Structures are given as C-alpha cells and as structure tokens.
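Okay, structure first, notes after.
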C-alpha cells in the first residue's frame with residue numbers, strides 16, 4: 001500500500017474519538033473502523049449472514065440491524081461474540097485497507113478500537129506505525145460512567161471485556177497520555193503529526 005498508515009487504538013473512554021478530531025483539525029485524513037462497521041451491517045450480504053447465524057430477532061421492524069439487541073446478546077457470551085466477529089471482521093479489515101489506500105494527504109490515521117485484540121500488525125500488516133491513546137484506569141472508569149450514564153459495576157465489566165492495558169501498550173510505537181488537560185493533549189498531537197509527516201515524506205512502499 002503506497003500511503004503511510006498510522007493505526008490509532010486505545011481502551012474504551014480513553015479518548016480515541018477526541019484524538020482523531022485533533023488530527024483532523026491538522027488536515028489529516030482519518031478512516032474510522034466504527035464508521036465502516038456500521039456500513040458493513042446495513043441491509044445486504046453481511047447482514048444476511050448475521051441473520052442466518054443469530055436469527056431474525058436481531059432485526060428491527062424496518063429490516064435493519066438492532067445493534068443494541070445484538071450487542072447485549074453477544075456481550076456476555078464469548079462464543080457468540082467470536083461468531084459475530086468471524087462474520088464481520090474480515091469485511092471490515094478489507095474495507096479499512098481500501099479506504100486507507102484511497103486516502104489523500106501525506107499520511108492517513110486509521111482508528112481501530114480492537115487493534116490490540118487483532119495482534120497489532122499481525123492483523124493489520126499494512127500499518128507502518130501504531131499509536132495508542134492511554135489513560136490511567138481510574139480516569140478511564142470515571143469517564144466511561146459519565147459518558148454512558150452507567151454505574152461502576154457496568155463500567156468495570158465493559159473495561160474487563162477488552163484486552164488489558166499492558167497488552168495494548170505493548171503494541172504501541174507511540175503513546176499519547178490523555179490526562180484530561182486539553183493543552184497537553186493538543187501538544188502531543190501536534191508533535192506526532194509533525195513526526196508522521198516527516199516519516200511519510202521518506203516512506204517507500206515495498207509491497
């Protein structure tokens with residue numbers, strides 16, 4: 001792939017969306033896996049496969065996916081979640097790569113929430129660099145409770161359902177610490193943007 005691609009990941013409520021917005025403000029092209037995931041499950045062949053596996057109860061009256069119902073069904077069942085991922089993840093990965101390859105600009109930022117779960121570059125070998133946005137667990141927990149209007153137990157369950165912080169940080173080439181200080185966060189993003197532009201300027205695709 002000829003474009004210089006940086007993968008962005010982080011735990012729930014660590015600030016992936018905020019970081020992506022800050023990069024966009026610097027005229028960086030951003031491709032978001034969550035956006036593509038929503039497109040993938042619109043009425044069509046992928047949704048048909050999901051219905052064949054999970055039944056028509058996952059559909060709303062208008063024939064579209066009831067995302068909340070399906071999320072609740074697979075959240076507490078590892079086998080069900082893996083079955084869903086086996087259907088949608090290959091399609092999402094292929095479309096992510098296509099979107100990244102078509103991106104304009106010196107480099108593209110690809111937001112992938114489950115990048116660590118995919119093994120980092122094992123799952124996404126076309127990424128040249130991986131950026132992890134991190135927050136201390138106490139801050140992450142408090143943000144999640146406030147953002148989703150949930151109690152402490154629910155927040156703990158959501159965080160526990162993800163890969164561990166240590167494993168996520170282990171795949172990072174770069175780390176941004178989102179401590180809640182906008183100036184500090186903005187400064188980190190500006191420095192990284194300059195670094196990525198410099199790296200992209202000398203990047204040569206070897207595929």
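Even glycines carry a Cβ here, placed using N, Cα and C.
Here's what Swiss-Prot has on this protein:
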{"type": "DOMAIN", "residues": "5-203", "note": "domain 'DPCK'"}
{"type": "BINDING", "residues": "13, 14, 15, 16, 17, 18", "note": "ATP binding site"}
Sort out the sequence-distant neighbours of residue 14 (ATP binding site) for me: same chain, 6+ apart, CB within less than 8 Å of its CB, listed by position. 133, 134, 135, 140, 143, 178
Spatial neighbours of residue 16 (ATP binding site) that are distant in sequence (at least 6 apart) but have CB under 8 A: 8, 9, 10, 111, 113, 133
Across the domain 'DPCK' (5-203), what does the mean pLDDT come to, as a whole number? 95
Tell me which of the binding-site residues 13, 18 sits in the most Cβ-dense spot, judged by other Cβ atoms within 10 Å. 13
Measuring CB to CB from residue 17 (ATP binding site), give everything in the same chain under 8 Å that is also at least six residues away in sequence. 111
Close in space but at least six residues away in sequence, with Cβ under 8 Å from that of residue 15 (ATP binding site), the same-chain residues are 133, 135, 176, 178, 185
For the recorded ATP site formed by 13, 14, 15, 16, 17, 18, which further same-chain residues have Cβ atoms within 8 Å of the site's Cβ center? 10, 19, 133, 178
